[in-house]
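Taken verbatim from Swiss-Prot:
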- CYS58-CYS129: disulfide bond (DISULFID)
- CYS82-CYS97: disulfide bond (DISULFID)
- CYS164-CYS213: disulfide bond (DISULFID)
- CYS183-CYS201: disulfide bond (DISULFID)
- 26-145: domain 'Ig-like V-type' (DOMAIN)
- 134-229: domain 'Ig-like C2-type' (DOMAIN)
- ASN29: N-linked glycosylation site (CARBOHYD)
- ASN44: N-linked glycosylation site (CARBOHYD)
- ASN192: N-linked glycosylation site (CARBOHYD)
- 1-25: signal peptide (SIGNAL)
- 26-241: topological domain 'Extracellular' (TOPO_DOM)
Amino acid sequence: MHALGRIPTLTLLIFINIFVSGSSCTDENQTIQNDSSSSLTQVNTTMSVQMDKKALLCCFSSPLINAVLITWIIKHRHLPSCTIAYNLDKKTNETSCLGRNITWASTPDHSPELQISAVALQHEGTYTCEIVTPEGNLEKVYDLQVLVPPEVTYFPGKNRTAVCEAMAGKPAAQISWTPDGDCVTKSESHSNGTVTVRSTCHWEQNNVSVVSCLVSHSTGNQSLSIELSQGTMTTPRSLLTILYVKMALLVIILLNVGFAFFQKRNFART
């Protein structure tokens, strides 16, 4: 009977913690699981942070729980796993995450929050906070995803074309044009998980002189204006005009040459 009474208490504490801590920590796409057989309550959270920004990962508020041991288990995608733990009874702090810019946000006996001072691609992975209490264990799992803003470049091409490129973004950026043109977009994936997107567009209409490239990304959007190179279109009428001009120039040249020839001949006779 006592074991059954533990679970509702833990569930209530979790609900209060999510509501209160939402003002200081970013919680996205949370799911709560309650395992009555093992007295384990788990919260899963997906978190996206821009590269070079500070990340704050919340656990359960220790003042609300009679915690004994707080442990962060960190599993990076491209680095060995490491742990950061604090024993509240012994007041001891242990870590195997040295050199990764991952520390307690404050003193763990007051707040078990974890912070990453400057997020990098190597910090992607899962961060699990485990709190051991006499009433049961609490577990909060973060899936940390790093966002990388792309480097945007653009330039006009030949024959009324323009190129817009979003280099090394994560996730891949999306490129659109105004007005619409005849576009070809290609993507190139890199070994670090970033993607370069390159879009080349062509406009046949002579009345289009300036176009806009919109680069959409999770870290922010950029809109750029490009002035098209004023390449002339070779229509049949323009080809005929060019031909007539060339023929007229040729006739003039021949007349001048002939006139000079006869003048020289007449001069030689005299």
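Using N, Cα and C of the backbone, Cβ positions are placed for all residues, glycine too.
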Review point. Taking every residue in the domain 'Ig-like V-type' (26-145), what is their average pLDDT?
Key: 85
Practice item. Sort the residues of the domain 'Ig-like C2-type' (134-229) into helix, strand and coil with DSSP and give the three counts. Key: 0 helix, 63 strand, 33 coil
Review point. ASN192 (N-linked glycosylation site): which of the recorded positions ASN44, CYS164, CYS183, CYS213 is the nearest Cα neighbour?
Key: CYS164
Review point. Given the recorded positions ASN44, CYS82, CYS129, which one's Cα is the least distant from that of CYS213 (disulfide bond)?
Key: ASN44
**Study point:** Packing count at CYS164 (disulfide bond) (other Cβ atoms within 10 Å of its Cβ)
**Key:** 27
Revision key, fill the gap. Sequence-ordered recorded positions within 10 Å (Cα) of CYS164 (disulfide bond), taken from ASN44, CYS58, CYS82, CYS129, CYS201, are CYS201
Exercise for review: Take the C-alpha atoms of ASN44 (N-linked glycosylation site) and CYS58 (disulfide bond) and report the distance between them in angstrom, rounded.
Suggested key: 12
Exercise for review: Would you identify the secondary structure of CYS58 (disulfide bond) according to DSSP, in three states?
Suggested key: coil
Review point. When a 10 Å sphere is centred on the Cβ of CYS213 (disulfide bond), how many other Cβ atoms does it contain?
Key: 22
Exercise for review: Give me the non-local Cβ neighbours of CYS201 (disulfide bond): same chain, 6+ apart in sequence, Cβ-Cβ under 8 Å, ordered along the sequence.
Suggested key: THR161, ALA162, VAL163, CYS164, TRP177, GLY181, ASP182, CYS183, VAL184, VAL211
Point to revise | Fewest-neighbour residue among glycosylation sites, criterion Cβ within 10 Å, set ASN44, ASN192 | key: ASN192
